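Chemist: Once you've had a glance at the structure underneath, I'll fire off some questions.
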Amino acid sequence: MVLSPTDKTNVKTAWGHVGAQAGEYGAEALERMFLSFPTTKTYFPHFDLSHGSAQVKAHGKKVGDALTQAVGHLDDLPGALSALSDLHAYKLRVDPVNFKLLSHCLLVTLALHHPQDFTPAVHASLDKFLSNVSTVLTSKYR
């Protein structure tokens, strides 16, 4: 899906509200994903997956940092996320459906923390953005 100029503005504005909490929200979304979709835990057998775990927080920061990088490169997501795509495709071998599950949990997390900013238009733009990120991260699986 191509992000329109309005989508790009919505994504940048919404992510601007996230700011320094990107890692925190990433960890919350991961925790929500593990609770809602227990099969996703199989990729983290070495993690302490309990609430507030330092390992989940650290991985949440990686997720938040990657999304912040992606927001900064909306016109070149494949270039910005190439190394991460390689990692997930060739080393970690994460089932592509898990990116959709995490995207959903990220949307829920953002809606909970920023209900006043989470309009239907912003929701749609963020959904398109996260879908594009998921597509890039799974592009090297083929």
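A Cβ is built for glycine as well, from the same backbone N, Cα and C atoms used for every other residue.
Marked as domain 'Globin' by Swiss-Prot: 2-142. The phosphoserine annotation in Swiss-Prot covers S4, S36, S103, S125, S139 (among others). Positions annotated as N6-succinyllysine by Swiss-Prot: K8, K12, K41. Annotation comment: Swiss-Prot describes T9, T135, T138 (among others) as phosphothreonine. Per Swiss-Prot, phosphotyrosine is recorded for Y25, and the stated evidence type is similarity to another entry. Residues or ranges marked as O2 binding site by Swiss-Prot: H59. The annotation heme b binding site is assigned in Swiss-Prot to H88 on the grounds of sequence analysis.
In the displayed structure, how are the listed features positioned relative to their neighbours?
Modeler: Its Cβ placed at the centre, S4 (phosphoserine) has 11 other Cβ atoms within 10 Å. Under DSSP, S4 (phosphoserine) is assigned to coil, being neither helix nor strand in the three-state scheme.
All protein chains included, K8 (N6-succinyllysine) registers 16 other Cβ atoms within 10 Å of its own Cβ.
Shown in sequence order, the list is empty: the chain has no residue 6+ apart in sequence with a C-beta less than 8 angstroms from the C-beta of T9 (phosphothreonine).
Under the DSSP three-state reduction, K12 (N6-succinyllysine) is assigned to helix. There are 14 other Cβ atoms within 10 Å of the Cβ belonging to K12 (N6-succinyllysine).
Cβ-based neighbour count (10 Å, all protein chains) for Y25 (phosphotyrosine) stands at 22. In the three-state DSSP reading, Y25 (phosphotyrosine) counts as helix.
For the recorded site, S36 (phosphoserine), the DSSP three-state label reads helix. Neighbour density for S36 (phosphoserine): within 10 A of its CB lie 12 other CB atoms from the protein chains shown.
Other C-beta atoms found within 10 angstroms of the C-beta of K41 (N6-succinyllysine) number 13, with every protein chain shown included. Classification of K41 (N6-succinyllysine) by DSSP places it within a helix.
The Cβ of H59 (O2 binding site) lies under 8 Å from the Cβ of G26, A27, L30, F44, F47, each of which sits 6+ residues away along the same chain.
Note: H88 (heme b binding site) has non-local neighbours V94, L137, T138, i.e. same-chain residues 6+ apart with C-beta under 8 A of its own C-beta.
The Cβ of S103 (phosphoserine) lies under 8 Å from the Cβ of D127, L130, S131, V133, S134, each of these being in the same chain and 6 or more residues away along the sequence.
Sequence-distant contacts of S125 (phosphoserine), defined by Cβ-Cβ distance under 8 angstroms and a gap of at least six in the same chain, are L3, T6, D7, K8, N10, V11, A14.
The Cβ of T135 (phosphothreonine) has no same-chain neighbour under 8 Å that is 6 or more residues away in sequence.
The Cβ neighbour count for T138 (phosphothreonine), using a 10 Å radius and every protein chain shown, is 19.
According to DSSP, S139 (phosphoserine) sits within a helical segment. The Cβ of S139 (phosphoserine) lies under 8 Å from the Cβ of P78, S85, A89, each of these being in the same chain and 6 or more residues away along the sequence.
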Chemist: Roughly how many Å lie between the Cα atoms of S4 (phosphoserine) and Y25 (phosphotyrosine), rounded to a whole value?
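Modeler: Given the Cα positions, S4 (phosphoserine) is 25 Å from Y25 (phosphotyrosine).
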